[in-house]
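Undergrad: What TrEMBL lists as domain 'TRNA-binding' is 39-148. The domain 'B5' annotation in TrEMBL covers 418-492. The Mg(2+) binding site annotation in TrEMBL covers D470, D476, E479, E480. The domain 'FDX-ACB' annotation in TrEMBL covers 721-813.
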Amino acid sequence: MKFSLSWLKDHLDTDADIHAVANAMTMAGLEVEDIHDPAKLLKPFTVAKVISAAQHPNADRLQVLQVDTVDGRKEIVCGAPNARAGLTTIYAPIGAYVPGLDVTLVEKPVRGVVSNGMMCSASELQLSDESDGILELSDDLAVGTPAAVVFGAEPVIDFEVTPNRPDWLGVHGIARDLAAAGLGAFKDKAIEPVKGTFPSPISVKVDGDACPYFSGRVIRGVTNGPSPKWLQDKLTSIGLKPISTLVDITNYLSFDRARPLHVYDVKKLSGNVIEAVVGKDWRILWHYNGIPITGSPPARLFDALDGSKYILTPDMCVIADTENGKLRPIGIGGIMGGMSTGVSDDTTDVFLECAWFDPIRTAQTGRDTKITSDALYRFARGVDPESVVPGLELATRLILDLCGGEASDIVVEGAPPARRADVTFDPAYVGQLTGLEVPYEQIETILTALGFGVTKGTPWTVSVPSFRRDVDGKADLVEEVARIYGFNKIPSTPLPTVAPKNGGVLTPQQARARTARRALAAFGYSEAVTWSFMRQDWAKLFGGGDDTLVLANPIASELNCMRPSVLPNLLEAAGRNAAKGFAGAQLFEIGPVYFGDEPNDQKTVISAIKAPAKTRHWSAVGEDALFALKSDLIRLLEEINVPVASLQLVQGSNTAHWHPGRSARLQLGPKQVLAEFGELHPSVLKTLDLDGAYVGFEIRLDLLPQPKAKSGKSKGALTISNLMPLTRDFAFVAEDALVAGDLVRAIKGADKALISDAQVFDIYTGAGVAEGHKSVAVEVTLTPQDKTLTDADIEAVSQKIIAAAQKAGATLRS
């Protein structure tokens, strides 16, 4: 968005220069990007007159001009088709920088003839985006007149408009805020209605959702042609190309009042009704001898004013008239008109349209068609709905003043959307929220200057203007006051100094979390930080997804529910890595999960996963990821001082997202489940669009038993036996249901003084073992402490091992 200083002064009585205006805009919240001063770029360029034009001796498309310039008569080579004797144009001397070409002129021959400068077009001077030849100026201009004077070049502010402030898309709205900020007096002139002299021969119809408010009128007897210089100067100053008076007026109001309009040539319209249509199938239905041809009809292509063709769909709001009893599209509502009804220099009667289009539908249509237009940019952000009739009256007045003619009565259909409800506002809230001590009288002055209505009482009642649909409560009003009063005046209050604490500043749970992070990183896992929310259907797969945990205003539609588990987030991250060629990810996260909407329903878990690695080995035998994960889980629990020996390993899990045959849980007692681990259920992985077997675990950090308090006695020194350990192998027969880990735990407890380790090294089922049973081979390591073990000693401990195994449900295999 751009505007010139003189344009701003049409609405703001101020003596401020362009830099003061830019600074005030920045303080008021507008994002000023640049101050462009075309006078600096135009300084080398002056008016010149072409005395003669001769054909170039060596080029058919070039001419050699004799030109009177500020530097005397010059011979210049020119290729513009409109170069001719008697033309007054702009001259660029040798050494001048031409901004539109990004070159500096040097004296050099052009096809054998030296050119002592250049004749310039509007695009080469960056006065417009395109041009058909060199500039043609008034013959009254004297040779040597600076180009900056000719074009009224003045500084232009280029700034970015935030999506919530569509009123800033008009210079009028910017002037209002700057006046409220104290930069000058706001010129808010009343728009005088134009009384119609005849009934409008054209009526309008609306669609209640896509176009709830539509107005228009016929103006007959107009004379269209080039617009006056003041209007052309305003448009060219912001980079718009003047087209004709009628079109220039609509473009001017779009930037001046943030009010897009459109004009139709009445003689090109069919019927006497213009309507906004939604839901119509615009495809062309072909017939042969009155019989519809079967198959899908071809799309209807709409010829727009930009010269392109666009496919119309039922979701679009289309402006249509009636031709031969059928609707004919003549515009895409809020975006662009059509070639079929566009105005030209021959236009004498026009229908002036001013409407309000639904911002969401308009924005979607813009995305579908990939059209970019000034009207779309404004309607998609929300044009002031109450400016429809005033905008029509203002455009009518300009057309009558500049083009002549007479106007009909206004035709109106529908009504503007209701304003936001009044806001109950206590002015003391400004100080409470910002720390600013703003006098109540100044608060009232600021709000009134911004267009709000203030009714003082206890508390105040503030009415929100129709052009400020972004204001929705008292906090927004506080922001408005602080923005105009000055965010830079908010006092800086240092944070209170807190005396440093010595010693344990971490809770036991925090200390365990820190230790767990270090341990898992040492095990080769990478830490992930993911969202605390996910899709509701995913949450239901992991035991959550209750409606009480669905977000009312999620940051994205697929992140609408608080998570009951961290595993889906890690699985999704691993899937993204695999899709990019990084399979085999090992990820962990320590974070919150949510089992309800009460504060105590938020718990902290330690979660980790191993993704399948797509590696091949010559032996075709790889490590079982599930048992590797179990080993990491046990080691992690030992690192964070959980009494692993006291835990029970129970096959299966309490939640359905685990594989029923390849999962287990660690319990402390019969009911206290501390952790679950295993392979994820194939149906869950399919829903998450993951291939392969993923394994993982999840530990409830809040349920882990606290380590025993340290006694006053220091721990004894580590003693290592000087005697050589020895191993003995045992084979036990047990039912299939017996967990090998329980058997190993029982064996280790048979004689804690001698037995230093026990490991399962084989499990066998088949011949020689009863059905429903298995043979478990265990290697037991004995470490004598004070003497070499005799056969009797070994036999005695062996009997203890066999007895312990029998208590666990296993017998020595014979």
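From the backbone N, Cα and C atoms, a Cβ is placed for every residue, glycine too.
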Undergrad: Which residues of the same chain, at least 6 positions away in sequence, have a Cβ lying under 8 Å from the Cβ of D470 (Mg(2+) binding site)?
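TA: Set apart from D470 (Mg(2+) binding site) by at least 6 residues yet with Cβ under 8 Å, we have N164, R165, D476.
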Undergrad: Taking the mean position of the Cβ atoms of D470, D476, E479, E480 as the Mg(2+) site, which residues outside that list, in the same chain, have a Cβ no more than 8 Å away, listed in sequence order?
TA: R468, V471, A475, L477, V478, R483
Undergrad: Once near-sequence residues are set aside, which residues in the chain of E480 (Mg(2+) binding site), 6 or more away, have Cβ atoms under 8 Å from its Cβ?
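TA: Sequence-distant Cβ neighbours: I446, L447, L450, F452, V471.
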Undergrad: Including all protein chains shown, what's the count of other C-beta atoms within 10 A of the C-beta of E479 (Mg(2+) binding site)?
TA: 17
Undergrad: Looking only at the domain 'B5' (418-492), what is the model's average confidence as pLDDT?
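TA: Within the domain 'B5' (418-492), the model's average pLDDT equals 94.
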Undergrad: For the domain 'FDX-ACB' (721-813), how many residues does DSSP put in helix, in strand and in coil?
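TA: Output for the domain 'FDX-ACB' (721-813) reads 27 helix, 33 strand, 33 coil.
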Undergrad: Note down the number of other Cβ atoms within 10 Å of the Cβ of D476 (Mg(2+) binding site), including every protein chain shown.
TA: 17
Undergrad: Could you break down the residues of the domain 'B5' (418-492) into DSSP helix, strand and coil, giving a count for each?
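TA: Across the domain 'B5' (418-492), the residues distribute as 32 helix, 10 strand, 33 coil.
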